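Asker: Dropping a structure here in structure tokens format, bear with me for questions.
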């Protein structure tokens, strides 16, 4: 059974890496074709440097993903692996759009560090430094017309709504059945 799962992951990884290879070929060819052949007058040393640096970064991430696939890791997992794919996809978009439409699309690359700062804020700063209280959430809630109160300030009903808000529909249904005492729902005790 484990070998079947490993073979499935291996075939998915091979397919993913082949797709990445085609994506690199297409985006690089389009960039070179548009920037250096069709719109030669817009090409500059700065554009060449941008292209080489960002392409080198994306290729380095691709090589890292290849090494991960060789070691048997699942490339469909989340976390840093997904972030590597996002960086590669943004690089492709920037290359094609900046060559075909406008050089201002290089600014789209700023989405990568902006997203990294957002994740660092949500996953590290709020839970560990701010004790779970998110001041930006309160500000945005107040701007949207909410009370700006945290879930601790609201009553028990608000806490129940917050608890069920993060659950899937199936989990909410099972919780309601459990509250009614339905024998089909069993609570595991450790």
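The count begins at 1 with the first shown residue.
Placement of Cβ uses the backbone N, Cα and C atoms for every residue, glycine included.
Automated prediction, rather than curation, is the source of TrEMBL annotations.
Dumping what TrEMBL says about this protein:
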- 150-160: compositional bias 'Basic and acidic residues' (COMPBIAS)
- 176-190: compositional bias 'Basic and acidic residues' (COMPBIAS)
- 144-190: region 'Disordered' (REGION)
- 20-38: transmembrane segment (TRANSMEM)
- 44-63: transmembrane segment (TRANSMEM)
- 75-94: transmembrane segment (TRANSMEM)
- 106-130: transmembrane segment (TRANSMEM)
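Locate each feature and note its surroundings.
Answerer: Within the chain, the transmembrane segment (20-38) has long-range Cβ neighbours (under 8 A, six or more residues past its boundaries) at 47, 51, 55, 58-59, 62, 65, 88, 91-92, 95-96, 98-100.
A Cβ distance under 8 Å defines the sequence-distant neighbours of the transmembrane segment (44-63), meaning residues of its chain 6+ beyond its ends; these are 17, 20, 24, 28, 31, 35, 84, 87-88, 91-92, 94-95, 98, 103, 106, 109.
Within its own chain, the transmembrane segment (106-130) has Cβ neighbours under 8 Å at 50, 54, 83, 86-87, 90-91, 93-94, 97-98, 136, counting only residues six or more beyond its boundaries.
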Asker: Which residues of the chain, 6 or more past the ends of the transmembrane segment (75-94), have a CB below 8 A from one of its CBs?
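Answerer: That would be 12-13, 16-17, 20, 23-24, 26-27, 54-55, 57-58, 61-62, 64-65, 68-69, 105-106, 108-109, 111-112, 115-116.
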